[in-house]
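So the structure is just underneath, and the comments pick up after that.
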């Protein structure tokens, strides 16, 4: 036994501890031991905020949020994606539909801005001043208001745009363009110059990268909403039956076994290249651009306006794209509104007591 | 100096440390020292999950969530509350509007179930089989589809409900009730038995706690959507002008300086107690219940049907609630659709080649 061995053995435990200063004691502990020494409160106090966050797994994080906080986290796009169909429908009330911001002769609605992924339907509607004009435009605008990515091009047969149509478009909630051109030639079929400047406007103003479909939508026809989704995928020219036209229940393309148009169900001139009403076809904007000089011929007789256009477009019957379940459904009607009896109004005028002329009807 | 004093002084530091076993070393540390020993990784490992969660404040919790997680947290009601008006509008496309689940002769749409806070408009529409019937019902249904809390009661003038009307209602997307009653008496004005069983249905089937408004909405009229919000707050009977009726531009109540109805702008029998068209007034359901025996009189002549009902209801002219900016706006038109020319169809039938009768028009 050495001297130092001898010295160690004679120290008891208490004596050994008393010999160490603090620094020495700490140096003695290995890491595992140190951890075991801490109680919970102390451990928590050691963490800074960043560390605490890093400790949580996803499930825990979610459990921490109250409802108000969750709502505050969402951006608008996400909120929209969450809704199922029933909920979306429940969200709309009358006031909202009527409350679009508006302005100017051409207006883009929020709907169009938000949905760039489907082709826009450009509907060209010629219109002229008459007692039922406001009623007809009101009713057809409510139909169009259900159609997404819809741009209404209303062309008045007037020297100047009227206040009635301007106000109606402003309040319609629709994306629209308001044009006018007065038909000068008495021999010209009504609506032809109006449709032609509508085409001009589209080809000049719609950007080339915008997919679209051109439809000639008169203000007195009746449209099933499905029609617009049928025409939306038009590649060249799509086609379908039209109800209550040409003196018969409906006119329609007749399809062959291959599902292509072979002839026409019509009483009027079935040997026309395209025996089809204005309401019965739509042209893709891309295809129209390829024959951008083509317009309706003001010299065409009624019944020959449509075929003349389609022939000019270089189309063959076989190119037509049948819609509406192989042309077996009527989704548009050639309705006509009666010119109202205003005989008593004439009497009131004669009496110097007309219906208040400041009230727009 | 004692022996033990002498022994301690002769130990150097290294020797002292070597003397301690592990248990002794731990006992030497005070709490503060222990904490100072831990590095960050160790500290984090010490916390159990519950402790970690308790450490986070609200702001930190929110920052932890990624977008997918946030979306998963929301319930449906919250999602709906987040949308602004523009977004709601952008959500609806054509396909959605047409894709309502349907069934039976009476259907409640999701819209009605979700919005109990505003009075329901019960629109009673008599209809009869004619070439333009489907077009007219299609068009008016698209108008009504914009109106929240709207219940369409369609009453056919037929022995049996027709497939045409049944299908149309099923596909309309509207809350509806489909009824029928055949008018037997040739002297009865068209639509009277139909409106009366519509009233029967409402009084028998709508619960007494449901606030509502009854409107007689013919299928050929044209309605500005604002009209429905004007009538929605009817207490007894509300009233407004009607365009293109009675042979004049519009018929209207005339208001006195107090804003009450004093007389009538009409050419036909202005001395009637209520010189008002069917489209020109609405009755609160509550008021109708108070005179629940009242119905349209089948013996009334045209033009006297409406005043007879309102007199029966115990109403006075001063009770009427003028709407549409003190009866200065036309929000409904008494439009009439032409009976279409089907002369060529007769020729086709004579030739044994009618338009395909299986195609519904």
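Backbone N, Cα and C define each Cβ position, glycine as well.
Under a cutoff of 8 A between CB atoms, and with a sequence separation of 6+ in the same chain, the neighbours of residue A:306 (active site, proton donor/acceptor) are A:274, A:276, A:277, A:278, A:280, A:281. Residue A:306 (active site, proton donor/acceptor) falls within a helical segment according to DSSP. Per TrEMBL, active site, proton donor/acceptor is recorded for A:306.
Residues or ranges marked as Mn(2+) binding site in TrEMBL: A:220. Long-range C-beta contacts of residue A:220 (Mn(2+) binding site), restricted to its own chain and to partners at least six residues apart, with a cutoff below 8 Å, comprise A:136, A:140, A:335, A:336, A:337.
Within 10 Å of the C-beta atom of residue A:251 (site 'Interaction with galactose moiety of substrate glycoprotein') sit 27 other C-beta atoms, taking all shown protein chains into account. Secondary structure at residue A:251 (site 'Interaction with galactose moiety of substrate glycoprotein'), as computed by DSSP, is strand. Taken from TrEMBL, the feature site 'Interaction with galactose moiety of substrate glycoprotein' applies to A:251.
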